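For reference, the structure is listed below as structure tokens.
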Amino acid sequence: RIMRPDDANVAGNVHGGTILKMIEEAGAIISTRHCNSQAGEACVAALARVERTDFLSPVCIGEVANVSAEITYTSRHSVEVQVNVMSENILTGAKKVTNKATLWYVPLSLKNVNKVLEVPPIQYTRKEQEDEGKKRYEEQKLDRLETKQRNGDVIFPIINPEPHTVGYSQSSLIHLVGPSDCTLLGFVHGGVTMKLMDEVAGIVAARHCKTNIVTASVDAINFHEKIKKGSVITISGRMTFTSNKSMEIEVFVDADPFVDEPRERYRAVSAFFTYVSLSKEGKPLPVPQLLTETEGEKRRFEEGKGRYLQTKAKRQAQMQQAAQ
């Protein structure tokens, strides 16, 4: 679809959350179609995880975004979907790939939202494809368990914080989940959640830099639990790490269930977003260095630095392979 002004920031760059929402919609459509392709109980595919995705090139107002999805692996209860996003300048005809993403879905019964159904298998053109897919499945399964174990953090407001500290830029957004946010089963679309997360992360980045910012990448987004219609969700974001030209922001979503439900607030989603600062001409700008104060902030900074260096090393290795 064509990108409109309400899809973009003041500089005309389309929000990363808008692209993430489109990616998730494509994945949900193809997964739900596949899971209902055989006779049996009707279901809706629910997003469980998004692997790291890089924003290779910004999309601008007036360009057309074309999202294509393909199922690349199925386990007994999950579907792996590969999604590509291409932008087209309809005035010049120029096209470019802007995003590549991998998403995991699980089919939930229309009769019982807590019942996960079996997934019809796909046919692989060669045995290696199935083996590679199974390896990716096991890796994401392990990472989801590790991520869930470190989900106890909360963000508290800081009184009169100093500029460039964690407390200065941290932000929260409170949202009442309505019918338009939800699937047929009455829980939130993953794309809606990701769009809200990107909005909060963008506010954190803009507060820290005071410049135009764009989403550069998103680490794995883990959907730990479903969020029901009528819930109140709090999306919180805080700066964890800065390099010379990038910022890592931790974002998590907490849900307060229905008023008539006995359950307490719970952590529903978590992820790390990376942003870059841009000049009016779209050139990268230096990022003010994050000032850490507490032991927790220093620990998170070092963890973020480790992720940054690991990603940098992978990118350099890929460039070397491409050059050979």
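Placed from the backbone N, Cα and C atoms, the Cβ positions cover glycine too.
Region 'Disordered' is the annotation TrEMBL gives to one range among 115-144, 295-324, and that range is 295-324. For the pair Asn9 (active site) and Asp198 (active site), the Cα-Cα distance reads 12 Å. Each of the active-site residues Asn9, Asp198 was scored by the other Cβ atoms within 10 Å of its Cβ; the lowest score goes to Asn9.
DSSP assignment over the domain 'HotDog ACOT-type' (167-281) gives 26 helix, 54 strand, 35 coil. Across the domain 'HotDog ACOT-type' (167-281), the model assigns an average pLDDT of 93.
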